[in-house]
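*Asks:* Per TrEMBL, the features are:
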type     : residues  : note
COMPBIAS : B:82-101  : compositional bias 'Basic and acidic residues'
COMPBIAS : B:158-167 : compositional bias 'Basic residues'
DOMAIN   : B:24-66   : domain 'RING-type'
REGION   : B:76-110  : region 'Disordered'
REGION   : B:153-172 : region 'Disordered'
TRANSMEM : B:177-195 : transmembrane segment
Amino acid sequence: MASQNYPPPSNSRSKTVDSGMAVSKDGHSVTKRLRQDLTTLMLSGDKSISAFPDNDNLFNWIATITGGTGTIYESQSYKLTMSFPGRYPYNPPVVKFLTPIFHPNVDEFGNICLDILKEKWSALFDVRTILLSIQSLLGEPNIESPLNSEAADLWERPEEYKRILQVKYREASKAT
Amino acid sequence: MAASTDKDDRGKGTPSMEERSFECNICFDTATNAVVSMCGHLFCWPCIHTWMEARPQDTPTCPVCKSVIDKEKLIPLYGRGSDQKDPRESLPPRPAGQREEAPEDNNNTGYFGDGMFNGINVSFGVGGFPFGFGLGPAFTIQTGRMGGQHHNVNIGHRGNRMHHGRRGGQEEEQRKTMARLLLTFAILFIIMIIFT
């Protein structure tokens, strides 16, 4: 199991930023921190978000987010992948939607446009806070910088948005 | 897989709020070599140092509240019985550069050995002796150059590498100025001798 706990080798971010900072040296503290994240998430008792390392590789997680109550995404659940760089938590993980989602800030490949996963990243964030941020992004999209302009345009017309969202969600859950 | 964490946590019980308030905001573990920012947030020194180094192009900000932070404005925390050393000095994750002083070489080639002063400095050293003998110095310069050249080029090379590798640029600059000065004096002296 321990042998599988390595950071993704082809992570472009860690390649550019790491520049020789020994991943293996920090590897121990990274896995320790990821275990802390898992414990925090499990102890939080929040039913609407969950995550667990995929195949016992601590650097790749599969997460599930259920849309927040009162939002247009209520009771829809989406799977995501989280891959952590060797310099986590100094660098953010790459988080993507595995289940296709109709949302202004998510593109067709599942890439998420969220500032805290990019330039606003802080070493304070953990898996739980990332998932909560994405969950609140679902209900409160940033229309100013859309990745899916169709969804962004429709956001102002909630009835129509909801109709299309439900069709797309049904398709997506059938496919997965 | 989270067995070790479970064991740790169960052993102590779930960390109380009081215990948790001494956790580092980056590694979430009890802060070691603790430092506190001016905005009051607690970190392990290695953790906050790595965070500050992670984005060298930006002004470092507190991971908790985004307030501007500065290495000089982090306050080390010393608990009772803990090491009173400033963690900011004792634990720089980045090792300091190493330099080694070359053994002092009293041979003047060490001083004038590089570049264009090769032959001349030898002649000056040798030529010091026959200054009193009229035309002597002129010949000495010649012989000095001829005789010294081959040998000196070698030393000069070695000297060169030594200078670039280990001596500061300023020091070398001073030395060159000195050499030039001495050379000028020597030439003036020789001219004086020749024309008097």
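Placed from the backbone N, Cα and C atoms, the Cβ positions cover glycine too.
As the structure is a computational prediction, the values presented were derived from the model and not from experiment.
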*Asks:* In this predicted model, what is the average pLDDT of the domain 'RING-type' (B:24-66)?
*Replies:* 89
*Asks:* Could you break down the residues of the domain 'RING-type' (B:24-66) into DSSP helix, strand and coil, giving a count for each?
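*Replies:* Helix (H, G, I), strand (E, B), coil: 10 helix, 8 strand, 25 coil.
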